[in-house]
Amino acid sequence: MPKNTKVTQREHSNEAVTESVADLLSLEHPMDYKSSQISMGLSPGSTAPVKALLPSPDPDAEDGRPAWNNKMEYILAQVGFSVGLGNVWRFPYLCQKNGGGAYLVPYFILLLLIGIPLFFLELAVGQRIRRGSIGVWNYVYPQLGGIGVSSLMVCGFVGLYYNVIIGWSIFYFFKSFQYPLPWAECPIMINGTQAMVVPECEKSSATTYFWYRQALNITSSINDTGGLNWRMTLALLVAWIMVCLAVIKGIQSSGKVMYFSSLFPYVVLFCFLVRGLLLKGAVDGIAHMFTPKLEKMLEPQVWREAATQVFFALGLGFGGVIAFSSYNKRDNNCHFDAALVSVINFVTSILATLVVFAVLGFKANIMNEKCVVDNAEKILGFLNTGVLSKELIPPHINFSQLSAQDYAEMYGVIKTVKDENFGQLGLDACILEDELNKAVQGTGLAFIAFTEAMTHFPASPFWSVMFFFMLINLGLGSMIGTMTGITTPILDTFKIRKEILCVACCVIAFLLGLLFVQRSGNYFVTMFDDYSAGLPLTVVVILENISVAWIYGTKRFMQDLEDMLGFRPYSFYYYMWRYVSPAILVLLIIATVIEMAVSPAGYNAWVESEGAESFHSYPPWALAMAYALIVAAMLPLPLVFIARHFNLISDGSNKLSVSYRKGMMKDMSNLEEQDEQRFILSKNPSEAPSPMPPHRTLLGPGGAHEMTNTNYGTSTKTGYQNIGSPESEL
């Protein structure tokens with residue numbers, strides 16, 4: 001290429017470059033068609049050398065895009081994004097609910113069938129195209145460019161309420177610096193000259209009361225907003241300041257934060273595991289957790305929930321995976337990264353499950369012992385009043401040292417003798433298994449069950465500080481990925497300083513997040529968690545899969561991977577992307593829609609007078625808001641498709657970044673047709689041509705017709721496949 005051309009001058013400058021493909025071609029000297037394979041006079045079997053349309057630059061050449069300082073930062077960022085609060089409070093609940101150890105079988109199978117392949121797909125497209133979610137899908141297929149916008153919308157919705165949970169953790173973190181912990185005992189109220197336990201706390205528990213009344217100060221209905229909770233508002237402000245500082249410099253700042261936020265939770269989990277295993281009853285909890293109920297594996301619901309958990313555990317569809325990967329070098333081994341991060345995520349879920357049920361096993365033993373003591377006092381009262389005969393009590397039982405086994409024996413005798421009148425005694429069975437079967441998840445696990453267990457730990461404030469600091473870091477890692485999924489596509493599309501964009505996003509998000517720090521805010525968190533991400537993200541990911549596997553072309557994508565990685569990925573991925581993963585995702589969408597149609601739309605409201613939760617249906621306005629979240633998240637998909645189908649907006653491909661331009665130049669340097677059978681079966685790269693396949697027919701300046709060689713009086717196609725027509729691969 002001549003050194004004085006515009007392309008060459010711009011390539012060696014530091015200025016941002018955006019050129020259309022047509023502009024790039026028009027600036028270069030005419031190609032010698034006679035020596036090119038695309039010349040109409042060349043026979044199909046000719047072995048004449050291919051003359052590149054444009055020279056192929058070094059793919060790792062500097063293109064002005066930020067890059068990770070080292071591989072460790074990148075892996076920690078992906079791990080921090082994928083390993084979040086769901087690993088700690090969602091996976092253990094599903095494992096317990098769906099058959100204990102038996103649940104791990106469908107989870108692992110689905111991890112192999114949809115988790116790793118789709119995670120690998122997102123890593124690869126981000127690394128190959130080096131753009132955020134909007135730019136990637138505009139490049140692959142402009143008419144499905146709404147995929148990136150929908151991802152951004154979902155990231156926004158999730159980020160709004162996810163950071164509220166970090167705010168709650170910050171509140172509990174600062175409340176943990178006191179002994180005894182403020183949720184260890186019920187507060188005492190003075191009524192005249194009489195001191196009494198607060199009735200709401202007495203009817204529930206100290207930790208439950210603290211969560212609903214002291215922390216959230218919750219209302220009894222979503223209709224009653226109750227005004228702002230100033231303590232949670234302040235905590236939310238601190239949370240957004242932390243997130244803003246972490247992402248304000250892009251990956252240069254977030255990469256450094258990840259060294260701590262991604263690694264510290266593992267330190268805490270291992271500490272809790274060691275401490276938990278030393279607690280009485282920990283083994284009971286772990287044994288209960290992993291005792292397989294094999295019959296559960298035959299239930300479709302178990303497989304649906306396993307697929308959903310795999311889907312969300314890896315952060316598929318959010319755009320954060322693509323955004324992080326877009327800052328990699330083109331030759332980075334993203335196949336290894338996909339397997340590594342997926343395995344780390346799975347192992348982390350297992351580790352968190354061990355910790356949770358070791359601690360809950362300890363809690364179950366404490367609660368069971370308390371149950372035995374309380375009911376033993378009832379029995380003593382019945383013995384003293386003559387309601388029960390002392391002859392019913394086995395002679396070896398000592399009430400001062402009553403074990404669970406002794407109580408179970410005594411309970412069985414009394415139940416047998418007092419068969420008809422037994423219910424009037426009000427005695428509980430006090431079975432450890434019943435305590436272990438009380439499944440809790442989400443905020444109920446983190447802010448009620450786990451906090452209650454920690455009140456019985458020696459040095460409980462220390463463990464409480466560690467636990468909530470771990471939650472803050474887990475949430476922060478996920479929020480960095482979520483924010484990157486928002487800012488990266490915007491920065492790729494518009495020329496704006498990342499610092500200004502990050503601050504603006506955080507300020508707007510904080511103001512919108514005030515919805516969740518009202519006294520009724522917890523009900524809106526539940527609504528957003530149930531409706532804003534589930535169905536929209538599943539639709540986004542299946543469209544990602546289809547656009548790559550069926551529109552761009554699986555074999556073309558596999559060839560891109562071979563060019564990037566230096567080896568051809570296993571044929572396993574070909575069949576997963578093309579057939580298995582789309583089929584599973586379709587079934588998941590159908591199951592999700594059926595679940596939404598069958599299950600009543602509502603929330604668990606806190607009833608102060610009863611000291612318990614009660615299910616309430618959403619009022620019409622709230623139900624409309626819930627469905628509006630789904631519509632708003634998926635609306636960009638049809639809008640962008642229609643707008644680009646009728647040429648109402650640009651297809652997004654006429655302006656390419658430097659990395660786009662270099663990729664296209666490399667694409668056009670290797671244009672030639674190849675036999676599909678040779679592509680799939682050949683193992684030696686030299687056996688099959690290695691073109692970098694393009695994604696659409698080259699467009700002329702008008703954008704409506706294929707570029708033709710008018711000098712030769714015949715239409716000379718470049719070999720680019722028309723993206724609007726289905727690919728014939730099989």
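The backbone N, Cα and C atoms fix where each Cβ goes, and this holds for glycine too.
Per TrEMBL, these features apply:
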- Gly80, Val83, Asn87, Asn345, Leu474, Ser478: Na(+) binding site (BINDING)
- 707-730: compositional bias 'Polar residues' (COMPBIAS)
- 683-730: region 'Disordered' (REGION)
- 74-92: transmembrane segment (TRANSMEM)
- 104-125: transmembrane segment (TRANSMEM)
- 146-174: transmembrane segment (TRANSMEM)
- 230-251: transmembrane segment (TRANSMEM)
- 263-286: transmembrane segment (TRANSMEM)
- 306-327: transmembrane segment (TRANSMEM)
- 339-360: transmembrane segment (TRANSMEM)
- 462-488: transmembrane segment (TRANSMEM)
- 500-519: transmembrane segment (TRANSMEM)
- 531-552: transmembrane segment (TRANSMEM)
- 572-598: transmembrane segment (TRANSMEM)
- 618-643: transmembrane segment (TRANSMEM)
Contact set, same chain, for the transmembrane segment (572-598): CB under 8 Å, 6 or more residues outside the stretch: 110, 113-114, 117-118, 120-121, 300, 304, 307-308, 311, 534-535, 538-539, 541-542, 545-546, 548-550, 554-555, 557-558, 680
Winner by Cβ contact number (other Cβ atoms within 10 Å) across the binding-site residues Asn87, Asn345, Ser478: Ser478
Winner by Cβ contact number (other Cβ atoms within 10 Å) across the binding-site residues Val83, Leu474: Leu474
Spatial neighbours, same chain, of Gly80 (Na(+) binding site) - Cβ under 8 Å, 6+ residues apart: Met258, Ser261, Ser262, Leu476, Gly477, Ser478, Ile480, Gly481
Segment-segment contact (the transmembrane segment (230-251); the transmembrane segment (263-286)) at 3 or more Cβ pairs under 8 Å: no
Which of 74-92, 306-327, 339-360, 500-519 contacts the transmembrane segment (531-552) most, counting Cβ pairs under 8 Å: 306-327
Segment-segment contact (the transmembrane segment (500-519); the transmembrane segment (306-327)) at 3 or more Cβ pairs under 8 Å: no
Contacting positions for the transmembrane segment (462-488) when only residues 6+ beyond its ends and CB under 8 Å are counted: 77-85, 87-88, 131-133, 151-152, 155-156, 158-159, 162-163, 165-166, 169-170, 172-173, 176-177, 181, 242-243, 246-247, 250-251, 254, 257-258, 260-262, 264-265, 268-269, 271-272, 275, 315, 318-324, 326, 446, 450-451, 454, 498, 501-502, 505
Paired segments the transmembrane segment (104-125) and the transmembrane segment (339-360) in contact, 3+ CB pairs under 8 A: yes
Proximity of the transmembrane segment (146-174) to the transmembrane segment (339-360), 3+ C-beta pairs under 8 angstroms: no
Which of 74-92, 263-286, 618-643 contacts the transmembrane segment (306-327) most, counting Cβ pairs under 8 Å: 74-92
Residues flanking the Na(+) site, with Cβ no more than 8 Å from the Cβ centroid of Gly80, Val83, Asn87, Asn345, Leu474, Ser478 and excluding those residues themselves: Val79, Phe81, Ser82, Gly84, Leu85, Gly86, Ser262, Pro265, Thr348, Gly477
